[in-house]
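A.B. asks: Let me begin by handing over the structure; questions about it come next.
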Amino acid sequence: SPPKFPEIVLPEDLFVNIALSLKYEVNRAFTNFREVASGKDLMKFLKLIAIMWTLSVVGSWFNFLTLFYIVYVILHTVPVLYEKHEDHVDTLAEKAMVEINKHYAVLDEKVLQKVPYFSKDKRH
């Protein structure tokens, strides 16, 4: 006689929750795409340009499989290394954020405040 296999029943609410959370993330992504495409948020648009330019430069250095392999290795090693050296990494990240904020303050004072879109006293 054939072997008896156990009957597997998958709960419906699990898949409903997965579908709802996936729907939420897709709608949020479409909202962000619409804001960038409509030009409502200039900072998002500039960030997107910087990210796309960086990706194109890095992508031109490698072929797709090499880049995929590098990202795969990084995604599996960085969390382990962070957990092992968490205190040291957090200290360095705090120092880096202080430096970034100093440079942003200089950029804001010398450049961004002279652009009417970014000035604090803009009038509507």
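A Cβ is built for glycine as well, from the same backbone N, Cα and C atoms used for every other residue.
Here TrEMBL flags 1-124 as domain 'Reticulon'. The annotation transmembrane segment is assigned in TrEMBL to 48-75.
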A.B. asks: I need to check the long-range neighbours of the transmembrane segment (48-75): which residues 6 or more away from its ends have a CB within less than 8 Å of a CB in the stretch?
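C.D. replies: Sequence-remote neighbours of the transmembrane segment (48-75) are 36.
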A.B. asks: Please give the average pLDDT for the domain 'Reticulon' (1-124) in this predicted model.
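C.D. replies: Summarising the domain 'Reticulon' (1-124) by its mean pLDDT gives 87.
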